[in-house]
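Feature list (source: Swiss-Prot):
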type	residues	note
TRANSMEM	6-26	transmembrane segment
TRANSMEM	29-49	transmembrane segment
TRANSMEM	87-107	transmembrane segment
TRANSMEM	118-138	transmembrane segment
TRANSMEM	162-182	transmembrane segment
TRANSMEM	190-210	transmembrane segment
TRANSMEM	221-241	transmembrane segment
TRANSMEM	256-276	transmembrane segment
TRANSMEM	319-339	transmembrane segment
TRANSMEM	374-394	transmembrane segment
TRANSMEM	463-483	transmembrane segment
TRANSMEM	547-567	transmembrane segment
Amino acid sequence: MTQLSTKILWLFVAALGAICFGYLALQNGESVSAIYLVVAAVCIYMIGYRFYGSFVAYKVLELDKNRATPALVENDGRDFVPTNKAVLFGHHFAAIAGAGPLVGPILAAQMGYLPSMLWILVGGVLAGAVHDFVVLFISTRRKGRSLGEMIKDEMGKFTGGVAMVAIFGIMLIIIAILAMVVVKALAESPWGLFTIAMTIPIAIFMGIYMRFIRPGRVGEASIIGFVLLILAIHYGSVIAADPYWAKIFTLEAPTLAIVMMAYGFIASVLPVWFLLAPRDYLSTFLKIGVIVVMAVAIVLVAPDLQMPKANTQYFDGTGPVFAGGVFPFLFITIACGAISGFHALISSGTTPKMLENETHTLAVGYGSMLAESAVAIMALICACILHPGLYFAINSSSALIGTDVVNVAQTISSWGFSITPEEITTLTTNIGEYTILSRTGGAPTFAIGVALILHELFGGVDLMAFWYHFAILFEALFILTAVDAGTRACRFMVQDILGNVYKPLGDIHNYPAGLLATALSVAGWGYFLYQGAIDPKGGIYTLWPLFGVSNQMLAGMALLLATTILVKMGKARYTWVTLVPAVFVLVATLYGGIQKIMPYEEGNKIANAVSHVAAVSIQSQKIKDLEFKLNNTKDEKEISTIRKEISIATQNKVGNLLNAILCVFFMIATLLVIISCIGICLGKIKIPLKETKYIKIDEFQKI
């Protein structure tokens, strides 16, 4: 293709994207086809990768194809393993793409499709992809060091020490939440559990095939793995229909929680080429395959976005799906769909230890985040093609809308979104569920959206239930890969912390130390997971409200580290690349964090609904009132009921108090990183650059 034709092609892509984007932004009063959103997103991602990604890669970071990576230099056959770019892309994408891009945009859809679309597309290209890419680059230049260790090396021991503890706490919360989503999806689901279980032997076979049987034959292993995966999905439905096998593969949540912990431990201590990388690569076939099929199906089916462009009545924070104003809570809620601190832990955990060549960081780091942003766009579409009344029936709490279909329809219709009981019951029947009311959390909405689109092309209404349950399975597989990779990254983090106490424990080549660190990691997130599995109001459910804020604080810290390193590298003129998104993310997140620790304010329902401190005050007063009632009644039945209510209120009080304390600690850690970044950039704090020695690819074996 000539230079002129290339320019014409990119001008066409830019013009097409601008037209579709503009049409979505300017349309008023009428429903808009989802095709415009798909086309706008594809065009923006193409332009972002080709031009902005390349600018960051070769102007800002100056990637060097001749520089040896930690995988080549250390190559220990366990954690440091040079990995094919396509396989590593699959591993990295599978590891970072957890619950966030599926759930966040669906919840944020209560504000309308436009605010979420803007942040997912603009934030994904200019913030999230840059964040992942730059952190992967700087970790690769530092022997694959973890985020906390790099903050300690580059920004000072005290700041780094506090940050490491905060990051570890955030990591445990994130992994436990991801694991709980998987447990909820697979509990009582023999089809899902069988299919997920079968990906393990398939992945092991692929790992052995690519390393020993046919080294380097990634294409062959990919075809075999894909065929076996399709067979596993098919026979999962056969297993579910068989009374004997269905019973074997039907596990309750507490049992599944234990299985998850065991799997997380094993996957984290085995050589990365044996299970983790091939399983993540295999999962990526299904992940990207479903997203591509969804995009094509949307173009063919052309469903309308029925959600209004902007539900301005909820911008003040009075929405029924989640509390909090459009700023900052839209950005905090969307989270991983645009930018995620969890990605920094993978970009400084497993992935930098597997890079064959430094130039692969562009495709693996920047490209994977764009793929995740595309997942978020698909999730947003799944929410917005629903009738708004159905969307709010699914995502509003039963305390708000009730449990009777007629009352629910009347309540939601009074909000301005007309819906009939028949519409609710028809959809419920079509997807094979007993109810769709108050199926909060985002996952059921995504599955319903997938079913509504795919049944138009494959099978009609008769197969809508199949596509719904397939989507639930897809979500479980989608999220599980983030759990095993996250646990491995958490192990590196624990070893960094232990290494400050006893140096040999910090050696990641020390296998016994690795086993200890993995056990501590799994025990940490596993405790919260198991408690949540046996008590729907305890364990990780207590910490769930911290996920969004803590995750975004982590992203802000990572971007400030990147800014600091760019200044030390003599690239201060390019610091806007990381500093601008860092400032926006931190302003939004710290503002949200402050709202979460504000005291109770009489009459301010929105602020009180957001604040953990206010919740403590509310629950304390409730406990006092209940104790007064308890002391003034002699009815045994009423006494029993009141005591249960006191127990629940006490649990809520303790949970909110813990959240408030952790929120303050995470903000303190973030402020320390901000202060250190400012001090270093202004030359007030002198800490030398800690980049590892340059080794050429053709020389490293001689050293």
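Quick reminder: no glycine exception, Cβ is built from N, Cα and C everywhere.
Using a cut-off of 8 Å between Cβ atoms, the transmembrane segment (463-483) and the transmembrane segment (87-107) share at least three residue pairs, counting only pairs 6 or more apart in sequence. Annotation: stretch 547-567 has the most Cβ pairs under 8 Å to the transmembrane segment (118-138), among 6-26, 190-210, 547-567.
Long-range contacts of the transmembrane segment (547-567) within its own chain (CB-CB distance under 8 A, at least 6 residues past either end) are made by residues 60, 100, 104, 127-128, 131, 134-135, 138, 147, 150-151, 154-155, 163, 167, 169-170, 173-174, 177, 329, 331-333, 335-336, 339-345, 574-575, 577-579, 581-582, 585-586, 588-590, 592-593, 596, 662-663, 666-667, 669-670, 673-674, 676-677, 680-681, 689. Of the Cβ pairs linking the transmembrane segment (29-49) with the transmembrane segment (374-394) and spaced 6 or more residues apart, 3 or more are under 8 Å, so the two regions touch. For the transmembrane segment (319-339), the list of distant contacts is 96-101, 104-105, 107-108, 110-111, 115-116, 119-120, 122-124, 127-128, 131, 311, 372-373, 375-377, 379-380, 392, 395-397, 400-401, 415, 440, 547-549, 551-552, 555, 581, 585, 587-589, 591-592, 595, 606, 609-610: same-chain residues at least six beyond its ends, Cβ to Cβ under 8 Å.
Remote same-chain residues near the transmembrane segment (256-276) are listed as 77-79, 81, 83, 91, 175, 179, 182-183, 186-187, 193, 200, 203-204, 207-208, 210-211, 350, 353-354, 483-485, 487-488, 491, 514-515, 518-519, 521-522, 525-526, 529-530, 532-533 (criterion: CB distance under 8 Å, separation of at least six residues from the stretch ends). Only pairs six or more apart in sequence are counted, and the transmembrane segment (190-210) with the transmembrane segment (221-241) gives three or more Cβ pairs under 8 Å, enough to call it a contact.
Across 6-26, 162-182, 221-241, 374-394, the stretch most heavily in contact with the transmembrane segment (87-107), judged by Cβ pairs under 8 Å, is 374-394. With a cut-off of 8 Å between Cβ atoms, the residues of this chain six or more beyond the transmembrane segment (374-394) that come close are 34, 37-38, 41-42, 45, 97, 100-106, 108-110, 113, 116-117, 120-121, 124, 287, 291, 294-295, 298, 303-308, 320-321, 334, 336-338, 401, 408-409, 412-413, 415, 417-419, 423-424, 427, 436-440, 442, 444-446, 448-450, 452-453.
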